Amino acid sequence: MGVPCIVMRLILVSALLVSVSLEHSDMVCAQTIRLTEETDKQALLEFKSQVSETSRVVLGSWNDSLPLCSWTGVKCGLKHRRVTGVDLGGLKLTGVVSPFVGNLSFLRSLNLADNFFHGAIPSEVGNLFRLQYLNMSNNLFGGVIPVVLSNCSSLSTLDLSSNHLEQGVPLEFGSLSKLVLLSLGRNNLTGKFPASLGNLTSLQMLDFIYNQIEGEIPGDIARLKQMIFFRIALNKFNGVFPPPIYNLSSLIFLSITGNSFSGTLRPDFGSLLPNLQILYMGINSFTGTIPETLSNISSLRQLDIPSNHLTGKIPLSFGRLQNLLLLGLNNNSLGNYSSGDLDFLGALTNCSQLQYLNVGFNKLGGQLPVFIANLSTQLTELSLGGNLISGSIPHGIGNLVSLQTLDLGENLLTGKLPPSLGELSELRKVLLYSNGLSGEIPSSLGNISGLTYLYLLNNSFEGSIPSSLGSCSYLLDLNLGTNKLNGSIPHELMELPSLVVLNVSFNLLVGPLRQDIGKLKFLLALDVSYNKLSGQIPQTLANCLSLEFLLLQGNSFVGPIPDIRGLTGLRFLDLSKNNLSGTIPEYMANFSKLQNLNLSLNNFDGAVPTEGVFRNTSAMSVFGNINLCGGIPSLQLQPCSVELPRRHSSVRKIITICVSAVMAALLLLCLCVVYLCWYKLRVKSVRANNNENDRSFSPVKSFYEKISYDELYKTTGGFSSSNLIGSGNFGAVFKGFLGSKNKAVAIKVLNLCKRGAAKSFIAECEALGGIRHRNLVKLVTICSSSDFEGNDFRALVYEFMPNGNLDMWLHPDEIEETGNPSRTLGLFARLNIAIDVASALVYLHTYCHNPIAHCDIKPSNILLDKDLTAHVSDFGLAQLLLKFDRDTFHIQFSSAGVRGTIGYAAPEYGMGGHPSIMGDVYSFGIVLLEIFTGKRPTNKLFVDGLTLHSFTKSALQKRQALDITDETILRGAYAQHFNMVECLTLVFRVGVSCSEESPVNRISMAEAISKLVSIRESFFRDEET
């Protein structure tokens, strides 16, 4: 055999081996294909097994009897029949996502949006290197975002929004070079904005809304030239308006609302971002003027910059924005209360597509122009409230046929309401409160069948309440209080099935409260106080089972209290200043939610119950009912006589009548003698001491003057410094003792040399004289006289609080009496005090006939009685909202006192903002944080922008509630009994929510007290019982 044969044989053998090898390879490939198809199937079945049985039914086709590629939501490739897409969006599936999903190696699209998946996102998803579309939004996923998702290098869409994901955005996401959409909004993400995202040059949409990401926006973002949608609203970003955003000239949608951006906006803003259609920048701290160049953005459709600190005029050039749909500039400082402030409204008549216009709560002045009637007929909301706009509402308002909300409240408007309002059939809210409007309420308002809110309170409307309002069948809140309305309450109002609030207080209404009041099944609050209503209180009130506030005081109701034992949700019940008679029902002691009960100045007789609300004299009042007996000892009522046996009852009755008649005659004779003596002394005193002050203070004197200067001088030792217990904005407070029982009192002497003190005196008398609440300090009497040198003298005499003020308890080391180790407050006591203060503020803000803003809530104005119950004091700063003296408004508000105390005063007060109940909310929030941290807002720790609010907020984000808590609390025993961290965290959150810088971001006092009471019930149930 030669070499050629050997070679030939080797070639033949090699060919055979190759043939065998190829055949084996084909077999292996076929087997591999079969295995991988089976792998996809098993992966999906494993996925199904992790879905709860109740929601698994929609995956019924996922079984061995049907081909894999025909399963619900499954898509396969045409060539290899491998699974390339899984779309289970919106199927409401519950469970966890199986890690076997990572075995779907050909998967290009995975949609699990709008389900209820929970747990962590499996890291195995990072194995899907072909994945282009991943949507897991609107689920319940928690934990961190898996860094391995950055391995999915083909991703163009990544949507993990609306979950509970935590920690930061992975820096590695900067390597996803094909990413077009990145949506991580509505999670709990923290940390900084990754600069690496500047590498995503294909990115067009970025959404980080509603997280807790902080810091500044990195300059690298300027490289995202294709960006058209950029939303980082409701985070914690700070610094000036992000400079790199000015380079994103392709932007169509920009939202940075609800952060802490500050500084001014560039004048060329509109030239740099010429393609914007939607611009949201509200709830930040921007200052300066609105850039005129915004009007160069011809495509602009929505411009919303509320709740900042913008000043200057609203540009007339906005009239060039032909596509404008929405303009929101409310809660700034735009305008200067001058006549030209509203000129922009004329320019906006050119914006024919305008649907929403809100410039409320600025500094706009001038007359309401008639050309507002020429605004777009597509306008659905017109809000100009909270300014100083004068003039009248033009008849042409009826041209705005699409209007749903009309808010002109808290202005200086006068004149009559135009009947054309009734032509606006789409109206839902009419808010015209706190103006000087007069005339009759137009009956045409009854034509607005869909009306839900009608606020006409605090005007000068007269005439009767239109019966046509009974046609407004969707009315929820009807507030006509503090007007001059007369006649009776129309029975048509009792036919409103959805009415929740009915307030007709402080009018001149007559007649009975109608029996058909019981038809209002959903009524939460009924206030008919201070009218001239008569007759008996209808028994049908018992049918209003939702009632929480029933205010009938200041009328002429007669007869007994009806059986309303079914109204177990009552919180405030005031029947005072009527002619009611009979006994006080025992069942009222079972009203467990009742916070305030006032039965004073009636003709009730019999025994006062001793349980429930009747155990607390600060929560109820029965004075002025001379025939009452019994009750708890502190009421100091006569004891109830023991009932006599029946056989002697008639004789005893005759004896009782005779004796009573004789005693009454003697008493009357004595009273006449006393009165004549007093009258002679009174005339002599008036002639000797009273001068022109009689004219200024006569309404107050006639009701309050019960004590002389001489008495106060003696009881305070000549106003000696040894009896000085404090001082405030308008004077000093001394301790004294009055009456035969030497009752301790606190005497507040007003400093009349300080501007506003006399007005403070009148305001405080008016405020305290008309309200009663267990957490408000009680006014005992006043003195309006002259001192020994003939100078005017004004003093308020309060009930003395033996435990001083809250400031002494929170900061005992700063008081001279540092040796008192018992002056400490535990967690439960502090929470109770906070709830007491909140309760007083809710009452002032909501249940007085005019809302009252205290304007100086701070620990030294919170007094503690012997039981450590808190009482809010010092109404010297209180302004009765909605009743400002229009002529001297600016003078009154410019006084230093009304702006509150540094550290506790709301930020808007420092910028000329109106005194408001939301300012009290801020002050309460700061006090609440001080109560539990033990740190004053003026602590030297708070510098360089750090405040008690931001200090607490930062600690909450880091879950360090215990680290900022007052050590006195931590030394207590509570930590052994319950989760103190959770309790403190919840309390701090309430304080932070109340003390937000912008008023619109603060919760109401009603919401605050609800949260605090809920915390107490959750953690201190044993202590309460």
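Every residue gets a Cβ built from N, Cα and C, even glycine.
Cβ neighbour count for G731 (ATP binding site) (all protein chains, 10 Å cutoff from its Cβ): 22. Marked as ATP binding site by Swiss-Prot on the basis of sequence analysis: I725, G726, S727, G728, N729, F730, G731, A732, V733, K748.
If you look up Swiss-Prot, you'll see N103 (among others) marked as N-linked glycosylation site, on the strength of sequence analysis. Cβ neighbour count for N103 (N-linked glycosylation site): 20 (other Cβ atoms within 10 Å of its Cβ, all protein chains included).
All protein chains considered, the CB of N135 (N-linked glycosylation site) has 20 other CB atoms within 10 Å. Swiss-Prot lists N135 (among others) with the feature N-linked glycosylation site, giving sequence analysis as the kind of evidence.
Per Swiss-Prot, the feature N-linked glycosylation site maps to N199 (among others); the stated evidence is sequence analysis. If you take the C-beta of N199 (N-linked glycosylation site) and look for same-chain residues 6 or more apart in sequence within under 8 angstroms, you find G174, S175, S177, D220, R223.
If you look up Swiss-Prot, you'll see N247 (among others) marked as N-linked glycosylation site, on the strength of sequence analysis. Shown in sequence order, A222, K225, L272 are the residues of the chain, 6+ apart in sequence, with a C-beta less than 8 angstroms from the C-beta of N247 (N-linked glycosylation site).
Its own atom aside, the Cβ of N296 (N-linked glycosylation site) has 17 Cβ atoms within 10 angstroms in the protein chains shown. When secondary structure is read from DSSP and collapsed to three states, N296 (N-linked glycosylation site) falls in the helix class. What Swiss-Prot records for N296 (among others) is N-linked glycosylation site, and it gives sequence analysis as the kind of evidence.
Following the DSSP three-state reduction, the secondary structure of N350 (N-linked glycosylation site) is coil. Its own atom aside, the Cβ of N350 (N-linked glycosylation site) has 16 Cβ atoms within 10 angstroms in the protein chains shown. According to Swiss-Prot, the feature N-linked glycosylation site maps to N350 (among others).
DSSP classifies N458 (N-linked glycosylation site) as coil under the three-state reduction. Annotated N-linked glycosylation site per Swiss-Prot: N458 (among others), in sequence order, evidence recorded as sequence analysis.
Feature annotation from Swiss-Prot assigns N-linked glycosylation site to N503 (among others); the stated evidence is sequence analysis. In the three-state DSSP scheme, N503 (N-linked glycosylation site) is classed as strand. Applying an 8 A CB threshold to same-chain residues 6+ apart, the list for N503 (N-linked glycosylation site) reads L457, L478, N479, L480, G481, A525, D527.
Less than 8 angstroms from the CB of N579 (N-linked glycosylation site) sit S556, F557, V558, N602, N603, each of them six or more residues away in the same chain. The N-linked glycosylation site annotation in Swiss-Prot covers N579 (among others).
Annotation source Swiss-Prot lists N-linked glycosylation site at N590 (among others). If you take the C-beta of N590 (N-linked glycosylation site) and look for same-chain residues 6 or more apart in sequence within under 8 angstroms, you find R565, T568, G612.
For N598 (N-linked glycosylation site), the number of other Cβ atoms no farther than 10 Å from its own Cβ, over all displayed protein chains, is 22. Under DSSP, N598 (N-linked glycosylation site) is assigned to a strand (E or B) in the three-state scheme. The N-linked glycosylation site annotation in Swiss-Prot covers N598 (among others).
Annotation comment: Swiss-Prot describes N616 (among others) as N-linked glycosylation site. The C-beta environment of N616 (N-linked glycosylation site), restricted to residues of the same chain at least 6 apart in sequence and closer than 8 Å, consists of R774.
Long-range neighbours of the repeat 'LRR 1' (104-128) within the same chain, counting only residues 6 or more positions beyond its ends whose Cβ lies under 8 Å from a Cβ of the stretch, are 36, 40, 43-44, 55, 75, 77, 80, 82-98, 134-146, 148-152, 154, 159-160, 165. Under the heading repeat 'LRR 1', Swiss-Prot lists 104-128.
Mean pLDDT of the predicted structure over the repeat 'LRR 9' (298-323): 94. According to Swiss-Prot, the repeat 'LRR 9' annotation covers 298-323.
Away from its own ends, the repeat 'LRR 10' (325-344) comes close to residues 282, 290, 301-316, 318-319, 351, 353-369, 383, 386-389, 911-912, 998-1000 of its chain (Cβ-Cβ under 8 Å, at least six residues beyond either end). Residues or ranges marked as repeat 'LRR 10' in Swiss-Prot: 325-344.
Here the CA atom of N458 (N-linked glycosylation site) lies 32 Å from the CA atom of G731 (ATP binding site).
For N135 (N-linked glycosylation site), the nearest neighbour among the binding-site residues I725, S727, V733, judged by Cα separation, is S727.
Tertiary neighbourhood of the repeat 'LRR 19' (546-567): same-chain residues 500, 505, 513, 521-539, 573-585, 587, 590-591, 593, 598, 847, selected by CB-CB distance under 8 Å and a gap of 6+ residues from either end. Around the Cβ of I725 (ATP binding site), a 10 Å sphere holds 15 further Cβ atoms from the protein chains shown. Classification of N579 (N-linked glycosylation site) by DSSP places it within a strand. S727 (ATP binding site) is 58 Å away from N350 (N-linked glycosylation site) when you measure Cα to Cα.
Looking only at the recorded positions N103, N296, I725, V733, the one with its C-alpha closest to N458 (N-linked glycosylation site) is V733. Just so you know, of the recorded positions N458, S727, the Cβ with the fewest other Cβ atoms around it within 10 Å is the one at S727. Shown for the repeat 'LRR 17' (498-520): DSSP residue counts in helix, strand and coil, namely 5 helix, 8 strand, 10 coil. Note on V733 (ATP binding site): other Cβ atoms within 10 Å of its Cβ, all shown chains, come to 19.
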